[in-house]
Ligand SMILES: [Zn+2]
């Protein structure tokens, strides 16, 4: 059975054992474009990736499956060198602890995503970034664009175009990096990990 056959079986729930870690050469490859029209297998894989993110953010399922929380995952992290990513960014609760009107500020499975425009302004998460494929803390500002426009094919085969800023823009850039063989720490200034270039936005 191939990896994609295993992951797309009806009974399979993606867990941390399916995720490859840094050092695996697949994470350094430029992944292949997904052929259109999408195959059922590619559609199911995207749905399984999204299901993994939902489980990882659900305290009960995360505990049961032993998952680290995640807001994004890319197919190469599952040892599948294809240009497929899933992003799931929850909105925070309000000050009284009520759930937000909209559960997610970004919920998308993207095939062949491409950044078609970006701001000149740069941005980084104030607390740095983590990655499901990296089992250690890497400190420093991961310098990215503060705003991006991404085009992709959705699971219905329709072309979509999204303008993203702030945290959502960072998440999409992190995942698109994965399909280009780039790890988040490649974007940290090696000599001065907390260097702040003029105009760079720090996102809390
Ligand atoms: Zn990652």
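Cβ coordinates are placed from backbone N, Cα and C, and glycine is handled just like the others.
Heads up, TrEMBL stuff is auto-annotated, nobody curated it.
Per TrEMBL, the feature active site maps to 175. As annotated by TrEMBL, Fe cation binding site applies to 131, 174, 178.
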Additional residues surrounding Fe cation, by Cβ distance to the 131, 174, 178 centre under 8 Å: 72, 74, 77, 129, 132, 133, 175, 177, 183, 184
Cβ atoms near the residue listed as 'active site' (within 10 Å, other residues, all chains): 23
Cβ neighbour count within 10 Å of residue 174 (Fe cation binding site): 24
Whole-number Å value for how far the residue listed as 'active site' lies from residue 131 (Fe cation binding site) (Cα to Cα): 10
For residue 178 (Fe cation binding site): intrachain residues, at least 6 apart, with Cβ closer than 8 Å: 27, 31, 74, 76, 77, 85
Number of Cβ atoms other than its own within 10 Å, given for residue 131 (Fe cation binding site): 24
